[in-house]
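Student: Pasting a structure below so you can have a look.
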Amino acid sequence: MLMGATRDMGSRCLLHASVPGMLLIWSILQMMNISASCPQCNENASCFNSTHCVCKEGFWTGSENRRIIEPHEKCQDINECLLKELVCKDVSYCRNKIGTYICSCVVKYPLFNWVAGIINIDHPDCYVNKSKNTGSKTHTLGVLSEFKSKEEVAKGATKLLRKVEHHILNENSDIPKKDENPLLDIVYETKRCKTMTLLEAGNNTMKVDCTSGFKEHNSGGETAVAFIAYKSLGNLLNGSFFSNEEGFQEVTLNSHIVSGAIRSEVKPVLSEPVLLTLQNIQPIDSRAEHLCVHWEGSEEGGSWSTKGCSHVYTNNSYTICKCFHLSSFAVLMALPHEEDGVLSALSVITYVGLSLSLLCLFLAAITFLLCRPIQNTSTTLHLQLSICLFLADLLFLTGINRTKPKVLCSIIAGMLHYLYLASFMWMFLEGLHLFLTVSNLKVANYSNSGRFKKRFMYPVGYGLPAFIVAVSAIAGHKNYGTHNHCWLSLHRGFIWSFLGPAAAIILINLVFYFLIIWILRSKLSSLNKEVSTLQDTKVMTFKAIVQLFVLGCSWGIGLFIFIEVGKTVRLIVAYLFTIINVLQGVLIFMVHCLLNRQVRMEYKKWFHRLRKEVESESTEVSHSTTHTKMGLSLNLENFCPTGNLHDPSDSILPSTEVAGVYLSTPRSHMGAEDVNSGTHAYWSRTISD
């Protein structure tokens, strides 16, 4: 019963609730039926009187008819500027827009009506029918600010600057003259230029030597020169239009934009610079660098450039610049990046690590050069890599911050570019040689292969980097050296002339490394177990890992700095990348010298001989000078003597090191199988000796 009552109550509630719902649905259906009487209209058309479609205002079907009769008809834009009936006054510039049009003119200043031909100055008095409502800004800079992109602003400003200069010089017969124009928000002065002439506009001055500066354009007479100051244009053409390839933290405009122009049919070339004294807009910052720039217009728009201009002097009130051409000028105040705690710590690690690497690279190079028993193709590669890294690190420590003069900085940047590219090229040759050696362990005539490699490794190791640097210098020599460091500029991707080859070599060496590990694993597993048990597993593993860094593969860690990772991860990667790579010289000395058994024995013999010589000197102080000289002599034979390093009674086969793996067996414990294994290993000894 209770369930039945509940069900009955629910039904009644649903019935009562459905009454207004049904009324609402019925109303909606009625509205839909009414509107359904009008067909679906095409783009730029609307339903009229619920019966047919018509084109919106500013559109027609192409037959001077707005009503759409056939379903396939489309509404097209009306070009009001081409109609027989004039819509703009004679002095106005008519511009067609989609669905409308604009009449542009300068009402209060007819002399500057040409400005309306560059930018849209929408005013009711420009229309034949004054009732047209425009609502647009009439101020020139206000119109420029309505452009959507920087490129559009730059293009409009470039046209404006050129037109203003041309109009003031060529369409203004009243010279000399000093005037202002509120529409353009400018002040200007024109003079007849024959000798040294000083012009002033808006607390800015320009000093030009017309006698020497415009000889080719004067033709013995006077010429007109103009100096224009734009009060508000700097709000648009600000520091963001400066191509900041130098990596400044902030670049701001700190003067009015000024223009210097001469009446001439051709662009004048000045033999003497023009001196510009520009008033500072804001107080100067002691950390900032002041850049004298000019506006360099182009088809893409334009930008601020320092070409042809240099900074002379700056105080709290004004800045003096000198330029060897006439254009539009300004002063930019550029703040360098402040070195935070992380960068400071990384700098300390870099300088300490590179200093230690220099010492190790020097010792390694001396070892590879003077130790005759270990000299082969491998040590030749080690020697060239050590020399390149030593010179590159030394130049980095002493010259990376020598940004003045610019020419010296560019030379240092070019030399660093070459030396580091050469270092990477020798790393590539190291990896290639190691891979070929391991791949041909069964080749008996290995020495001929080594001589063949020497024929091309010097041209590749030194010639190919020279070619890359030469092409880069020809294509963009201005990109060598920046305001902050003597290195490659980031402008237009010039840094890829180094990063491209380096990344390719890192990838190739990484492939070589894993192939070598795979080949060695299969080779070692086939050797006699007694041979393999003689190896020091810890040293072998350590040297195999270090070999990865010696080949430059660790530089690939730097890629993680540029990808989207967490701040903590990026910080860890930055420290890891810096520590590993600045210590590359230490790792080279460690793996190829200190952990090389033969080199260690040579070091011991050398120190033993040196100690004996010192002891001999102390006991023979009273001897003759001739005997003393003989005691002090330490020739190359004594440093690394050629001969057997072991006692004949306990001789072993020459030790072999393959990517950190030593293979050697005493003769007294070798069977025929062991001899084959030892001989097999003997031919692979040059891998990392």
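The backbone N, Cα and C atoms fix where each Cβ goes, glycine too.
This is the feature table in Swiss-Prot:
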CARBOHYD  Asn33  N-linked glycosylation site
DISULFID  Cys38-Cys47  disulfide bond
DISULFID  Cys41-Cys53  disulfide bond
CARBOHYD  Asn44  N-linked glycosylation site
CARBOHYD  Asn49  N-linked glycosylation site
DISULFID  Cys55-Cys75  disulfide bond
DOMAIN    77-127  domain 'EGF-like 2'
DISULFID  Cys81-Cys94  disulfide bond
DISULFID  Cys88-Cys103  disulfide bond
DISULFID  Cys105-Cys126  disulfide bond
CARBOHYD  Asn129  N-linked glycosylation site
DOMAIN    182-339  domain 'GAIN-B'
CARBOHYD  Asn203  N-linked glycosylation site
CARBOHYD  Asn238  N-linked glycosylation site
DISULFID  Cys292-Cys321  disulfide bond
DISULFID  Cys309-Cys323  disulfide bond
CARBOHYD  Asn315  N-linked glycosylation site
TRANSMEM  351-371  transmembrane segment
TRANSMEM  380-400  transmembrane segment
CARBOHYD  Asn401  N-linked glycosylation site
TRANSMEM  408-428  transmembrane segment
TRANSMEM  456-476  transmembrane segment
TRANSMEM  500-520  transmembrane segment
TRANSMEM  545-565  transmembrane segment
TRANSMEM  571-591  transmembrane segment
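Explain the structural surroundings of these features, please.
Tutor: The 10 Å shell around the Cβ of Cys47 (disulfide bond) contains 15 further Cβ atoms across the protein chains shown.
The number of other Cβ atoms within 10 Å of the Cβ belonging to Cys41 (disulfide bond), over all protein chains shown, comes to 17.
DSSP assigns Asn44 (N-linked glycosylation site) to coil, not to a helix or a strand.
Within 10 Å of the C-beta of Cys75 (disulfide bond) there are 23 other C-beta atoms, taking all protein chains into account.
The Cβ of Cys81 (disulfide bond) lies under 8 Å from the Cβ of Val87, Cys88, Cys94, Arg95, Asn96, Tyr101, each on the same chain and at least six residues away in sequence.
Residue density at Cys88 (disulfide bond): 21 other Cβ atoms are found within 10 A of its Cβ, drawing on all protein chains shown.
Neighbours of Cys126 (disulfide bond), defined as other CB atoms within 10 A of its CB across all chains, total 25. In the three-state DSSP classification, Cys126 (disulfide bond) falls within a helix.
Looking only at the domain 'GAIN-B' (182-339), the predicted model's pLDDT averages out at 83.
Asn203 (N-linked glycosylation site): 13 other CB atoms within 10 A of its CB, across all protein chains.
Asn238 (N-linked glycosylation site) has a Cβ environment of 16 other Cβ atoms inside 10 Å.
Applying an 8 A CB threshold to same-chain residues 6+ apart, the list for Cys292 (disulfide bond) reads Leu276, Thr306, Cys309, Ser310, His311, Val312, Thr319, Cys321, Lys322, Cys323, Phe329, Val331.
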Student: Run through the Cβ atoms and count how many others sit within 10 Å of the one on Asn315 (N-linked glycosylation site).
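Tutor: There are 9 such Cβ atoms around Asn315 (N-linked glycosylation site).
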Student: If I take the alpha carbons of Cys103 (disulfide bond) and Cys126 (disulfide bond), what is the distance between them in whole Å?
Tutor: 6
Student: CA-CA, which of the recorded positions Cys55, Cys105, Asn129 lies nearest Asn238 (N-linked glycosylation site)?
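Tutor: It is Cys105, whose Cα lies nearest.
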Student: Counting Cβ atoms within 10 Å across all protein chains shown, which of the disulfide-bonded residues Cys55, Cys94, Cys105, Cys309, Cys323 comes out on top?
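Tutor: When each Cβ's neighbours within 10 Å are tallied, Cys55 leads.
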Student: Provide, as an integer number of angstrom, the distance between the C-alpha atoms of Asn129 (N-linked glycosylation site) and Cys105 (disulfide bond).
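Tutor: About 14 Å separate the Cα atoms of these two residues.
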Student: According to DSSP, does Cys81 (disulfide bond) sit in a helix, a strand, or coil?
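Tutor: In the DSSP reduction, Cys81 (disulfide bond) maps to helix.
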Student: Of Cys126, Asn203, Asn315, Asn401, which recorded positions come within 10 Å of Cys41 (disulfide bond), going by C-alpha to C-alpha distance?
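Tutor: Passing the 10 Å Cα cut: none.
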